[in-house]
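J.: What TrEMBL records for A:152-553 is domain 'Aminoacyl-transfer RNA synthetases class-II family profile'. As annotated by TrEMBL, L-aspartate binding site applies to A:174, A:220, A:446, A:487. What TrEMBL lists as region 'Aspartate' is A:198-201. For A:220, A:221, A:222, A:229, A:480, A:532, A:533, A:534, A:535, the entry in TrEMBL reads ATP binding site.
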């Protein structure tokens, strides 16, 4: 037996016991004729002590051979610690070493295995198995484990059944690019890896499975942005015989359960709700961070006609009120202006107005606007002495997106985005379709199976872009945790939808024939939702980055630098798959 | 709200309540002026009644429009049933229909949605979403859900942490063929889908995660046999600081928990154990079905030298005793002989001996063996009057395999393989290596990371084929439920192992360099095990076929006939992936 206890469980009541620990050497410290070793495992740290003259010479000799990250087995007696450490759960005791067995040596790690490491991102990615030893990383994966288990427990109590859907499915040109898998047994043919189990979960509703869920890997071959991974995990759910209200209530229950059990956080009352239109109007985002106010104020009508060309020519002028920021210096304001002009935000400039303590105004466009004019700005933005008003202008859609970026940036600057405050928000009534300029046709905003709102059906032939969908997202802290919709369960409506999306009959049949057929055999009304599991856990952990919450993530080129993948195939493997690789340049 | 209750929960205490059900029409029966509808959902069946003159004419008219598998919403009052049905949980009540709303119509299904359906395998595969409505299929998937949840609950109580390992990994030529995934962002390069998370779970042990598990999809591009699927599910587990005994005890605990919670079956005492050598000797199989005896008797020395050429030339002659089967007629025995001669078994012939009630013997080789000789057969096989002895002969390995097939066949014939009896067996001490004639080198019997037994290490240079491994399988009812090993955690031994398997230094480094590097930074002793989840659930369900326990299985050509996959890719998809498809014939 390698150990009687782990390094996190020994307490004062164990004093006098003979125990055996097996674990890693975190540190070795000498002081006078005493040596201490911090022994570390998944469960904690236990201090080992060896006093020259008290323990045998063999033990002293064995200790001399040890170094950081060595794996050792240490037998001995639990004794009371001289200077107790109330910060540590095991801080009342230490292990008096009586026998030391080296289980495995270690080279010096390429970075320190400490909460604050000296290792950069690249080296930690290459030696991910060592980075995973660090407490902050381990705690993130433990949270992930807990959230996953509590999700299953909760959904089981409300009659959801986990059903595994296939990974080797069929490629569909709709949406993001599929990863594909050549079939050796069917030369020239390919499977695709699922972007989501969407059609399968709808088939399970047709099958009468009523309440389905799955925590499942999904795959998207997109050009990777900072916080995207080619493979990611979803909590995928679907329910039959439900309306939108049933779905929202069910999954609000799940999220509350997860925060209570995994974060010891209780939400009061129901999650607030907002329509998509209102979210865009107030926050320029379909996933607003409502931990703070700073709502948009539409200034277009107020600012026009005073000879300031930029505003006069703009489709929309928006303002936000950064309360009590009039103290910002010119230099600080210039820094904010530079920030909004970065290519990632793309604003051409920023106008500001300070409300001085004496109630007068100072703006960057005093040439065009006098104090009376500026008083109207203050009134519109509800500005008080000491406040700072920031304005952006331009095309409506663009300026909303830029102002959203600016608002979040100011929220960060002013410390209004505390990662331990959680502000959920249901965003409702998404548009059914969005117009795509490139292909000059409509795309499904959510996906082609989302149902239109019955009250908007009269617009479907004349103004399809104005039709709202029975679609909803759960946002939290400016992040989309998940989203879903009530689906179409009627074959004719589904066919009409494919038509709106520019599918020919043949295309629709070739790709989704099985689903449309299934709708002919008693499909129940149904709807569902999927949470981005990586993002949910990251948000619960108070982090922006999903990568930290994935045990073995890929980098921004989709590479796993630890195992060095992807990699070329051997010629005979390609032959077996009936494939040739074309000589091409790597895309820039 | 679509429903107040489901179809499985209404009881006598609900009599008098107004309820709403939404579900499928299972059957409609008329008798005189009364119509009954059996309404079915996932939870059960509730009988609906409509008596002409009692309910409104509208209800009667609506019912006339219904057919099998229509989806309806029915409102009404729960009343006491005239003729109660004690077989049904809802058999005391019925729903007096007051309002019927058609939610969706159904074409006549291509086969009946009944426990015993009239649909053949192919049509049910194509309309899998309808087959899934049938009770026997639904119960299998419900069992699967339950086993999966209880696995997680149990492993959580003993400190296992679920960690998701990546699906897009690196191809390795070892073992079965990988499915590969071309990388668009890295032209000419490929990911592979994991055959198992083996190396990742070992890295997690190096990371100190101590007790890891995952219920995870794995992929093997093998030529499919009857009960193989290209994608399958594993319960994958690994532990650090453990010896073989710790692993066996932990997972014996898991299996016991699963049978208790999901099958209401309690195992008495510990699971029996047997070495690989003994299993081959007694049963000719490394996964013997020990629900019944009929152990092999080695007759080689007893039967030789009597002038019967077939036995005299054979390396090995084996017998089994089919107790009380002397009543088998010549015709019945001929049928068994034909069975062993099938190509799948491959025996050239079968010899038999009956022990008559009077203690005399009758064999198919009386020309060569007199009663005294046959008495020796009877003694060796412990045959009693009424028993039937069956003998096969040939090369040792072949005849053991053939006799295993014959023994299982006789077990089936004699009803000794009750699917509701569960006989677990740990098979221990597997060989480390097996010789492969084709490539003229050793292959790892389990995998290249399995540790040799220390007491056999002296043979590793001289007789590597005789070295036993710290490897174990859990067999049940003639099926391998899972297997694992204590791994190598020492870099030098791992390098020696790759050498034995014929890897050059470069090959080993290219493929497993990251693991061998990891072993330099304090790798703990570790070991683990993986269960075939599909097979575990099928065995728990008393079935031989894993396909029934998979929601959307593939056929023997690896095709999903419901969605018609795999399929050709569009030319621009291939271009984006820098791939050409070579014109080839489909393999035969």
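In case you wondered, yes, glycine gets a Cβ from its N, Cα and C as well.
Are these features on the surface or tucked inside, and what are their neighbours?
T.: DSSP assigns residue A:446 (L-aspartate binding site) to coil in the three-state reduction, placing it in neither a helix nor a strand.
In the predicted model, residues of the region 'Aspartate' (A:198-201) average a pLDDT of 96.
Sequence-distant neighbours of residue A:222 (ATP binding site): residues of the same chain at least 6 apart with a C-beta under 8 Å from its C-beta are A:176, A:177, A:228, A:230.
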J.: For the ATP binding residues given in the record (A:220, A:221, A:222, A:229, A:480, A:532, A:533, A:534, A:535), what is the largest pairwise C-alpha separation in angstrom?
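T.: The span, Cα to Cα at its widest, is 20 Å.
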J.: Using only C-alpha positions, which one of A:480, A:533, A:535 is spatially nearest residue A:446 (L-aspartate binding site)? These are the binding-site residues in the record.
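T.: Given the candidates A:480, A:533, A:535, the nearest one is A:480.
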J.: How many Å lie between the Cα of residue A:535 (ATP binding site) and the Cα of residue A:220 (L-aspartate binding site)?
T.: 16
J.: Restricting to the chain of residue A:533 (ATP binding site) and a gap of 6 or more, list residues whose Cβ falls under 8 Å of its Cβ, or answer none.
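T.: Long-range Cβ contacts: A:147, A:148, A:215, A:232, A:233, A:234, A:235.
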J.: Distance check, please: Cα of residue A:220 (L-aspartate binding site) against Cα of residue A:480 (ATP binding site), rounded to an integer number of angstrom.
T.: 17
J.: When you measure from the Cβ of residue A:480 (ATP binding site), which residues in the chain that are at least 6 apart have a Cβ under 8 Å away?
T.: A:286, A:287, A:473, A:474, A:532, A:535
J.: Which residues in the same chain, at least 6 apart in sequence, have a Cβ under 8 Å from the Cβ of residue A:487 (L-aspartate binding site)?
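T.: Residues satisfying the criterion: A:202, A:205, A:449, A:450, A:451, A:526, A:527, A:528.
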J.: Validating a neighbour-count step here. Other CB atoms within 10 A of the CB of residue A:220 (L-aspartate binding site): how many?
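T.: If we count other Cβ atoms within 10 Å of residue A:220 (L-aspartate binding site), we arrive at 19.
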J.: DSSP on the region 'Aspartate' (A:198-201): how many residues come out helix, how many strand, how many coil?
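T.: Summed over the region 'Aspartate' (A:198-201), the classes give 4 helix, 0 strand, 0 coil.
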